[in-house]
Amino acid sequence: MLDTKSLATALILILVIGCALHVVNWRIHRESAGVKWWALGLAVHTTGLTLSFWENSLAVHIPFWIVTINMVSLTGSLMLVYGTAKFAERPFPPAFYIALGSFAVASLSWYAVVENSVTMRVIAFAVTLQLANLLTLTRLYFIARRDGLASILVLASSLGSTIALMSGLIIWQLLTQPDVTNFYDQTPVMPLAMLGLMASECTAIFGYLLLSAGQSQARLERLAHRDALTELPNRRAFEQEITHRLRSSRKQDQLFALAIFDVDYFKKINDTHGHDAGDAVLRHLASVATDAVRPHDFLARVGGEEFAVIFDVGDAAELVMAANRLRLAIEIHRTRFGEREIDLTVSVGCVLAKSGAHLDFAQLYRAADRALYKAKTTGRNRVVVGEVGALDLAA
């Protein structure tokens, strides 16, 4: 039969190594909210488990000591929950932690003072730990939405399997041997519980580390597809979006529009008011344009003072209406730079294409750019719809 003491020692070694890894992770990702609570929580949890295993090796029964060291371990688990909630930017109300801590103190105290039952203390400890795991699982959902599903798979699998395994072992212990007098008694369940705890703690340690790695990866991807000045998608993101729409649409007769617009006389604004004013104008334009387009349209800054939009429209008339709505919104919303007010207008060049046509981003962009050039050379502050391929539409 497996030796519970040896397994407990191995578990402590795993947790100590995990603490060291999490301290390093904390140093690497110290700007991330919640990461330090994983390191601190794991250290407290490890301290509590170490003291608990040591206490069980003694023949002395001191109720206050038993409750205290078990609460130290559970406090570490609650710190892990707290850190995960901060990391997910979805904190729990303090009442959650108070309620869970109160349940643990009450149940552990009862089975240490009123009814001295090792089995029930282990079950009370396990139930509190499983409730903490359930709380953590709810926050992994928000992390997955922000950073992607891959970042949470290991930790979610670890917590989910721990809940299922520990629930089964608790029922087994109650049915087969409910009157264990010491944690190290050679029962069939205790060694299996230790093995399960070792597996779950080991995978959870790496699961939390992967959350940090996933967040960093997601941030890099967002930076690679985001314009730093305006916070809009950049040219790379725009090209990927329009290519995806061209390839994924199954309706060969579905239309969508590509529009390019830029600021009229932007060089004059820079020369007159300075480059800081030019940056302020671009940020203002991005904000106004974001409000002017519809939620299912796709707006991006594609370079310099040039912006682009994918409009989801049904015909040329709807395209002209959407483009003029954007143009007028920018014209009527003047921007201020210091004490100066700056008038803004934009010229817009558009093309309308079938999503199933054999076109690529470069062809569409060149056609829209020609339409923009025509808008510039025929007076500016206007919308021109050009043509692409065999589709011949004019505003």
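Positions of Cβ are set from backbone N, Cα and C atoms, glycine also.
According to TrEMBL:
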- 254-388: domain 'GGDEF' (DOMAIN)
- 6-25: transmembrane segment (TRANSMEM)
- 60-82: transmembrane segment (TRANSMEM)
- 94-112: transmembrane segment (TRANSMEM)
- 118-137: transmembrane segment (TRANSMEM)
- 149-172: transmembrane segment (TRANSMEM)
- 192-211: transmembrane segment (TRANSMEM)
What average pLDDT does the predicted model assign to the domain 'GGDEF' (254-388)? 87
Over the span of the domain 'GGDEF' (254-388), count residues by DSSP class, listing helix, strand and coil in order. 60 helix, 40 strand, 35 coil
Does the transmembrane segment (94-112) come close to the transmembrane segment (60-82), meaning at least 3 CB pairs under 8 Å for residues 6 or more apart? yes
Please determine whether the transmembrane segment (192-211) and the transmembrane segment (94-112) are in contact (criterion: at least three Cβ-Cβ distances under 8 Å, sequence separation 6 or more). no
Close approaches to the transmembrane segment (6-25) from elsewhere in its chain (Cβ under 8 angstroms; 6 or more beyond its ends): 35, 38-39, 42-43, 45-46, 49-50, 53, 184, 191, 194-195, 197-198, 201-202, 205, 208-209, 212
